[in-house]
Structures are given as structure tokens and as C-alpha cells.
Amino acid sequence: MDWQTRSETVPASIVPDIGPHIHVGRAPVTGAWREGDPVGDRRFVRIGDVELDSGAVLPNARIAWEHWGELSPARDNAVLVLHALTGDSHVVGPAGPAHPSAGWWPGVVGPGLAIDTDRWFVVAPNVLGGCQGSTGPASLAPDGVEWGPRFPFLTIRDQVRAQLAFARELGIERFAAVVGGSMGAMHVLEWAIMAPHAVERIAVLAAPAATTADQIALNSVQLEAVRSDPAFRSGAYYDAPEGDGPTRGLALARRMAMLNYRTPAELNDRFARDWQSGLDPLGGGGRFAVESYLDFHGNKFTRRFDANSYLVLTEAMNSHDVGRGRGGAASALAAVRAKSLVLGIDSDRYFPLAGQLEIAGHLPRSVHGPEPVVVSSEYGHDAFLIEELAVGSALRGLLEA
Ligand SMILES: CC(=O)SCCNC(=O)CCNC(=O)[C@H](O)C(C)(C)COP(=O)(O)OP(=O)(O)OC[C@H]1O[C@@H](n2cnc3c(N)ncnc32)[C@H](O)[C@@H]1OP(=O)(O)O
Ligand SMILES: N[C@@H](CCO)C(=O)O
């Protein structure tokens, strides 16, 4: 098949155009893979030059991707799964040399699951600007040096343009469904608007029609946390000695982000005022358990993510506005022809239900009418990743529609 012959399979330990000093992925994490689960096989596709909204051109770009299931002879069973801010192409499967983390949606994609790989051919690309195999700031520019701070500003639409080129390279003209959560759902909306002919169904999970001032503000303090780390060196840190990248700033950004992704109820129930150790946090040199939890997540994140990619992707999220240049969000959404599922989480303080109400209210073919499906969860925004049964059931409904 075309997609097999036209894509490169690269040995897991060799990622040719990623710079040698990338500060990610040095510490493989033990995965939660179970015997019999599908295992993706990461591949790489050249998509050529990408024209950007800014007028710049990103030359000779590459997309890393994985797939599960079989493409039907009629090529009508492909489902595109688009990841959130710090996700990647590794939707399911164990951690390993190619992946610092186990797959991020193991209860949703697989044989007999909501996105059933016995029926659907599931395709998952790493986003343009990311750091898990697709061209991003840690990739080598044409001069043989990492792009670093020279990497161009990307919008959500630029990233979808790259995904469309990627789909063309695979020879897939139309997806039975395009599915994504959070930043991935921003891409989903743009697919439905930019390429209506290529999309039969869409699932928009936990995202707004446009990133609001409040959300840009929450993102902007994270950008500043990274940039204000002296080790950031204006983004030119790839030649720093091992471990001397902007890990402090990146870890602080992740700590802040965790507070957007989770809820007061969860943190209070889970950690209360517990101490992390026998040392008193009130002047005795100890820490509260919740402080330790945030430290843990901040530090873990620096072992799997590149700081420049974090900035590029966060700024792309800030660019998100389906109505820009299209007469506003209402008219852009009203023009969508795909059958749609819009899902929100009642405790999401990052991308609250108001955003999904707006989207569902304007999409003409929402399978649940003008209201989003609301998942009730104490996990907040991350519930689209954690509440796999509820999210899976809604996805199953869409795929059967
Ligand atoms: C499974 C992965 O890591 S996926 C990695 C790729 N990431 C993505 O794709 C982005 C999307 N994924 C995510 O954001 C997250 O993985 C989620 C939302 C799906 C799940 O979050 P989790 O981190 O698994 O759950 P949770 O918030 O409960 O954290 C559990 C971790 O906190 C640690 N922890 C809990 N309490 C404390 C504490 N008091 N002090 C220190 N560490 C603590 C646990 O030991 C556990 O460690 P582990 O990750 O090594 O098992
Ligand atoms: N936990 C998710 C939330 C962003 O939507 C991530 O890190 O990608």
C-alpha cells in the first residue's frame, strides 16, 4: 500500500533530523502496556515545504506517526487521532526507546474498544512544532544547526496544513472521523473547516471555538516561566552541557499547567494537608504532599519535552480562533458539514463548558443536538484522558452514527 512504501521506518533509536543535544527523552518510563495490547510502530513521512499563515515557509518538514488496524481496500475506515499539548503519536503501547512514556489513551483505542482497531485504521501524527519525531525547534534547520529560537511562529491552521499534507502522502483522501482533545480538538475544528471534503465525522473534546483572554493569560505565565530561566538562553540552549537546559523554567510551567488541568476537589480529596515526609512543612524543612506531587510532575515533564517546543505549541494554542478571517466563530462553525460530537467536562477550569456550548450550538450536524455531551468528573480538564469509559462511550456513539 502507498502509505507503507512512501513512509520511512526509522529504527527507534535513530531520529535523523533531530539535533544531537535535544533535552528530552533521556529516561524511559515504565509503561502500563498489557499483553495483547496493540503496539504502534513509529514511522516518518516527508511532507515538503509548509506555507505558514505568517507568510514564512518551513522547508522540508517531517511528520512522525503511528498506526493501528488495517486500511480497508476502499480506504474508507481511517480515523485520525490528534493529540493534546504534550501528547504525541504514541496513543497506545508501552514506553520504550522511541517513547519516553506509555501511550496516552490505552482504554479508548484498541481491539474491541471505542475506537476499535479491528474495524478502524487509526492514524496518529505528532504535531508540527512538537518534539516527538515531527519537525520542531530541536530539528536541524537547513544550515545543519538546530532551529531553536529561529523556528517560525506556527498557528493551529499551519499545523493542520501540515496534517493535510501528511494525509495526502499516506494516500488517504477522506477520514471516517477526526478525533482530538484540547489542542487536538482545535486541530479537529480546523480540519472540518479547512478540508470539509476530507472529514465525515469529528469529535471535539474539551476545547473552545477560540482561545479566550483568560486562557491566553493562563498560558502566558507559563511561557514567561520558561523564558525567565537563565538556562533558557533565549532558546539557544541545545549546546549546553547535559542537564543544563531550561529544566527549572519548564518544570515550573508544567506545575502551573497541572493546576489548570486538575481541580480543587481532586487536590483537596487526594492530598488534604498531608505532609510528604516526617518533616513538618511549617518551618521544619518538609513539604506538603501536594507540593511534592507538583514537583514530581514538573520534573518528569522535563525528561520528555523540549522547552522550545512547549513555547511553539502554547503560542499555537493562543492563535486558535475558528472565526478569524471567516466572519466570526458562529459562521465558521455553521459551515461545517461533518457529523459531530462535542464533549466537555463539568469541572474543567481551563477550557470550561461555555466553550463547548458555543461550539455545539453552532455545529449543524451535532449528533447530540445543540448541547455538548457533559462528562461529570472530579478530574477537570484531564478527564478527557482519564475518564476513558465515558469518553469512549460518546466516541462509540459518534462512530456508529
Ligand atoms: C502515562 C503518561 O505519562 S502519558 C505521557 C504522555 N503525556 C501525554 O500524552 C499527555 C497526556 N497525559 C497526561 O497529561 C497524563 O499522563 C494523564 C492526565 C493522562 C494522567 O496523569 P498521571 O500523571 O498518570 O496521573 P496522576 O496525576 O495521578 O500522577 C500519578 C503520578 O504522580 C505520582 N505522585 C502521586 N502523588 C505524589 C506525591 N505526593 N509526590 C510525588 N509524586 C506523586 C505518582 O507516583 C504517579 O507517578 P508515575 O507517573 O510515575 O506513575
Ligand atoms: N494533560 C494534557 C492536557 C493538555 O490538554 C497534556 O499534557 O497534554
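Every residue gets a Cβ built from N, Cα and C, even glycine.
Values in this document were obtained by computation on a predicted structure and should not be read as measured data.
Residues or ranges marked as active site, nucleophile by TrEMBL: Ser182. What TrEMBL records for Asp348, His381 is active site. What TrEMBL records for Arg254, Asp382 is substrate binding site. According to TrEMBL, the feature domain 'AB hydrolase-1' maps to 77-386.
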Counting every protein chain present, what is the number of Cβ atoms, excluding its own, within 10 Å of the Cβ of Ser182 (active site, nucleophile)?
-> 26
What recorded positions in the list Ser182, Arg254, Asp348 lie within 10 angstroms of His381 (active site), counting C-alpha atoms?
-> Ser182, Asp348
Work out the three-state DSSP category of Ser182 (active site, nucleophile).
-> coil
Fewest-neighbour residue among recorded positions, criterion Cβ within 10 Å, set Arg254, His381 = Arg254
Pick out which of the recorded positions Asp348, Asp382 has the most other Cβ atoms within 10 Å of its own Cβ.
-> Asp348
Sorting the recorded positions Ser182, Arg254, Asp348, Asp382 by sequence and keeping only those with a Cβ under 6 Å from ligand 2 gives Ser182, Asp382
Recorded positions whose CB lies under 6 angstroms from ligand 1, from Ser182, Arg254, Asp348, His381 = none
How far is it from Asp348 (active site) to Asp382 (substrate binding site), counting Cα to Cα, in Å?
-> 8
Whole-number Å distance between the CA of Arg254 (substrate binding site) and the CA of Ser182 (active site, nucleophile)?
-> 16
If you measure between the CA atoms of Asp382 (substrate binding site) and Ser182 (active site, nucleophile) and round to the nearest Å, you get 9
Reading the DSSP string in three states, the entry for Asp382 (substrate binding site) is helix
Find the average pLDDT over the domain 'AB hydrolase-1' (77-386) in the predicted model and report it.
-> 97
Per DSSP, Arg254 (substrate binding site) is which: helix, strand or coil?
-> helix
